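According to TrEMBL:
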TRANSMEM  30-49  transmembrane segment
TRANSMEM  334-353  transmembrane segment
TRANSMEM  365-383  transmembrane segment
TRANSMEM  395-421  transmembrane segment
TRANSMEM  433-450  transmembrane segment
TRANSMEM  457-478  transmembrane segment
TRANSMEM  498-516  transmembrane segment
DOMAIN    545-708  domain 'HD/PDEase'
REGION    660-680  region 'Disordered'
COMPBIAS  660-674  compositional bias 'Basic and acidic residues'
């Protein structure tokens, strides 16, 4: 009982301590902000992968080894049958004509004018031939000679009837009024002189007429032809009996109407635009023709290549499955996706928390990292569909960016997570995951540093070769239904396409390098090579104003680069950082010993130690300001800001202490914190190397006899002093690495101060 009780008490205590620690963490607004950023990234990632939908795994050119069976009943549009149905429906749409009654309203006035001419003529022969022909006042051609007298009598009789009908103005007005009313039905039915106009594409039995009041009427072509309209049962021919003034003149007026030129009787005109619109509308309203598919039907046979038609069939089946999914089904899927993302994200987060303090410690860096992850997944999934299938481009580009911006281990771990999420979100198989992992691994292994833009293109080339080989190999091994895979183009096509996209990724990253450096606050070896040029304006100004400081910087760069390379750090970054680390001294060069003339009086002799300390420490702030004015990258500004860390300006601190001893009333002014650099302490291994290199190079110049033993003792003393002062606590250097740095610095300084043979004096000639 005692043991159990005691154990329980200890457990409760530790639980209480842990809970307090957790509560304390959540009270930190930066921690909360980072958790919120992770939560937002998770939500956006769920939207990017469409967590509520089942991924569609099929693509053009694939060969499902086991075939595909319908998982539900569905129906699919039959394109050819639908096209035929729509074409037939469009062909059945009548041509559209537009009614224009203006010519119709002019006919009564034309008739009035010609009847007046007849009324004024004393005889038939006194009228014009056109007028006689219009009113049937001519003897028909081919009349037998024996019948001519009878025809002549009929002609005179008809002429007389016409003259009597229009003998007075009143009778003429009555006739014209009845004639105008007689023609009114044509406004609602239309009229065709003969067959359809020449501009109509093809013969048709029916047409649609649109009248001025926007009413439509479908009519038979035969019913509105002039011959049919004037027939006894036609729309005009059946109306003669209703107009007493017209009945005696029926035949002559009918002949007059027939004699009108086609333009005078063209009451309707063909409108091709309206016809096309009507046919298009009918096509849109025509229902699609569907082919039914029942559950269990084999959609794709084993080994069949998925072409466009089969892909469309599979997409239709997938859409039917999604439409049948219930809220519960979607909820389960979302919960599953969240669980998978939390597992993958948790593993990634654990690695970051343990090994990437620089990334996790900065909300900005963490946000950029999360945005890169989410953006990569979203872009890759969007580009994974036909015809592009270029999901490897964002994936490979992101991995290369991480390898450049951070390190290879982080890049490969992130690549594994990205490949897994992308594979699951696109429904691809294990083969695709193997391809993604292989391609990313090769690119990371070949990218320890970026020495030139061609490096990235070469990495893309090797990644493409890897994609080609792995994709083709897996395709051959996974398909047993192909007798000669080497002759099957689809086995090579996917690999060749992947090869091309990997090259595109290499070119894309190479072209985006300046943007990547700016976004992640890094400098690549390409930029370092440009910045190491001694013609840089800031270095030229340093040479002019503070030549001693410049020589010191060159020496620090030489020994620092070698020391950094001895522990696997970025030697080139240390070298370029050393060039600029003391640029702030150029504003007050005469206050620094290396710029004083031999035997010259020190300006600090006339200053209080505290004031001298402010001037010495001020070169850091001045250097940072100059670096920002000249747009140096953040990585180099860190060298200026952190190369002294929070170390003590010992010389002036001791002077102040001594002075305080002589003047006790000033003792309160001597506080150690006032004589320390503001920091921060070095935040990377390169900055730790820089601190030691700067310190030992300066101190070595004070040795009157720089023998190897003295150099070794000096370097060790300075190293231990910095170590015990806690200057290496935040840079990630291990004790073994510090030891290797110390050995490298001793070797470099010994080489610089090597002994020389004293030659005998040369006799003068």
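Positions of Cβ are set from backbone N, Cα and C atoms, glycine also.
In TrEMBL, annotation is done automatically, which means it is predicted and not curated.
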Contacting positions for the transmembrane segment (334-353) when only residues 6+ beyond its ends and CB under 8 Å are counted: 38, 42, 45-46, 49, 51-52, 359-360, 410, 413-414, 417, 420-421, 424
Selected stretch (most C-beta pairs under 8 A with the transmembrane segment (395-421)) from 365-383, 433-450, 457-478, 498-516: 433-450
Positions on the same chain near the transmembrane segment (365-383), where near means CB under 8 A and six or more residues out: 34, 37-38, 41, 44-45, 48-50, 358-359, 389-395, 397-398, 401-402, 414, 417-418, 421-422, 425-426, 519-521
Cβ-Cβ under 8 Å with the transmembrane segment (498-516): same-chain residues at least 6 beyond its ends: 390, 392-393, 396-397, 400-401, 404-405, 435, 439, 450, 453-454, 456-461, 463-468, 471, 522, 524, 526
